[in-house]
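Visitor: Pulled these from TrEMBL:
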{"type": "COMPBIAS", "residues": "345-364", "note": "compositional bias 'Basic and acidic residues'"}
{"type": "COMPBIAS", "residues": "735-747", "note": "compositional bias 'Basic and acidic residues'"}
{"type": "DOMAIN", "residues": "509-686", "note": "domain 'Vacuolar protein 14 C-terminal Fig4-binding'"}
{"type": "REGION", "residues": "343-368", "note": "region 'Disordered'"}
{"type": "REGION", "residues": "724-747", "note": "region 'Disordered'"}
Amino acid sequence: MNEKDFAPLTAACVRALNDKLYEKRKGAALEIERQVREYVATNNREEITRVLQVLGGKDFSTSQNPNGRKGGLIGMAATAIALGKESSLYVREMVKPTLACFYDQDGRVRYYACEALYNIVKVARGSVLPLFNDIFDGLSKLAADPDQNVKNGSELLDRLVKDIVTESSSFDLVSFMPLLRDRIYVRNAFARQFLVSWISTLDAVPDIEMIVFLPEILDGLFNILGDENDEIRKMCEACLGEFLQGIHKERSKADFAAMANVLVMHSQSKDPLIQHTALLWLKDFLQLSGRVILPYASGIITAVLPCLAYDASRKNTLEVAKIVNSNMISLIAAEADAGAQSAEQKVHSTGGKDEVKEGTKSETESAATKVATRTGKVQGVSDDLLLDVGAVVRVLMKYLSHEAIATREASLRWIYHLLQKTPEKMFCFVDDFFPLLMKTLSDPSDEVVLLDLEVLTEVSSNPAGNNITLNYEEMGLPSQAKVTKPTGLSAYFVKFMVILLDSFNKDKQLLEDRGSFIIRQLCLMLNAEAIYRSFSEILLHENDLRFACHMVQTLNIILLTSTELFDLRNLLKDLKNEESCSLFCCLYHTWCHSPVATVSLCFLTQNYEHASNVLLLFGDVEVTVEFLAEIDKLVQLIESPIFTYLRLQLLDPQLNQSLITSLYALLMLLPQGDAFRTLRHRLECVPSFQYQVEKKTISGTKSKKTTKSIDFKKLLEIFRDTQEKHRMSKKTTRRKETARQLKIDKV
């Protein structure tokens, strides 16, 4: 290039700018500064523009020669200093070439570029803000520069730019956010530190509403919170803390819904600090925003329930999780279902405009009900309907099999709460979660099983359960079967009883380990009479006679020994009304599966004459070790407090001949062991004389009983028929076993 191409710079000045010695380049820069001052004094903008074009052109700032680039940068800085206040007119011409050198491969060039831009910004001040995004982008790169000198220079420039932004009232945050949103996911530790410092700075400026844009960068901040560098983690934690305080002060500006999903995601993080911080935010969001968070309930529950199993090492997170879980539960209001019902009524009141088109279903169904069927949501009714019950139920079903007991317990409490507060919606999904509730009865934890029974009790007693149609064939019962639905309980109670007995049949270990506990608790939570009547009616149709016998024996022992069934025993003991007589007959039909249980039921109800008649039929019953063991248990029960009244009635032999005959019949059946000796000693205590007293009977004897409605002859026939079925069943079983053994022997 000739001298005209560098004009107004002289050839000597150009050579000096390209020199490898710093002193010569500095001298040339001073010459340029003097020259530009003269142009400013004469208002010669054309020459100033020409100087900037030369310095920012291919022979300097974009030159192939690194010394030329350095010279161009030092000349650019000198020009900015000379321009002073006039520099605002040439900001773009100075900043753009200088920023281009931020990406130079030579570390010294990057350093000079940083130094030059510092001088430009220092002079131009707020005039550089229109180019803030470009400057920020360059600074974010230099923050991670491998050259320490460059990093030091960039930090000085960074502080200067922050001061300018803080002082400015015209900072364009809207234009800056896309760049910040893009850079927030950078992996370099130094770049992350740079970003967090800028976010904290902007948040501290009163005129800048960072809270409004927080949803755009919140995810990135939580990612940075997981950095391996402790200093960056603390820095980011402090930044998030400041934001949370700001949200408390200006909740109206916070978009809780937009941030909720981010918090839900990070509250499931494996990083303890990220998880704890996200849960803290959720805790405050629930307090500040209320039902706005309900659409994210399933995600929050997904994150919180596993935390409830944390030990002392994660105590802080555990406590926060408990609060979040409690606050979430409190958001579910009782009027949710009422809202759904009002929506349905509204649809009908509009003349059916929102109903399903004619012909699509045999029965007209409102649109509101149709939507609620599988989603559990009805739009435009109530804030509670923002809750996606279906999604929540799926999460709770997943956690019913979680390894931690506390999590399983929390899942059951959630299901119980939802059944109470939103029963109509919950019963849309009852067929989905009910099998899992039944499976949970086998849980090793007693507390979990107890909670599970409470949930099953709520399902059985909730009026919403009356909407189901019982299909006995699907439940494995004959179509003509009839199981009484007790007053105050739902139709689902019957289904529960059928499935529970089926579970006991399929899982014998469940019956042995938990059968008594489950039945006793259900009698306590529901209605003992209803449970025993239902079991009895269902077992009448049981094809597995061996299971029916075993089940009757279990129910009989519970009936005779459990404190939870005290009222039921008293009801059966007196048989004073039609209700008690009806219950006795119902139980008797099923108790016939077990001869000894039948006798004990007769003893309990003080039907001693019938008991003696039944015992006389024992001669046709196959005497096995199991059979003798049952008689042994009955003798022990006779000696227990349950049958105190029976033993006292032995004091009046004349009025209780049938009782004495029954006891002697039992004695004759027993081998001469401990039970035989116990019963014999008891019978030896029976007085051989008759008391000379007025004509009155001991309370509870047969003369005071109202049993006219009971056909004992028919009951005896039922006993014979049932025992015949058992004999035939055992005969068939032996035949099959013999055939199988013969087949094995042939092989």
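Each Cβ is built from the backbone N, Cα and C atoms, and glycine gets one as well.
From a predicted model like this one, the values you see are computed outputs, not experimental measurements.
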Visitor: Below 8 angstroms Cβ to Cβ, which residues of this chain, lying six or more residues outside the region 'Disordered' (724-747), approach it?
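Guide: Contacts of the region 'Disordered' (724-747) (Cβ under 8 Å, skipping residues fewer than 6 from its ends): 545-546, 549, 593, 622.
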Visitor: Reported in the order helix, strand, coil, what are the DSSP residue counts of the region 'Disordered' (724-747)?
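Guide: Taking each residue of the region 'Disordered' (724-747) in turn, the totals are 23 helix, 0 strand, 1 coil.
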Visitor: Taking all residues of the domain 'Vacuolar protein 14 C-terminal Fig4-binding' (509-686) together, what is their mean pLDDT?
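Guide: Over the domain 'Vacuolar protein 14 C-terminal Fig4-binding' (509-686), the predicted model scores a mean pLDDT of 92.
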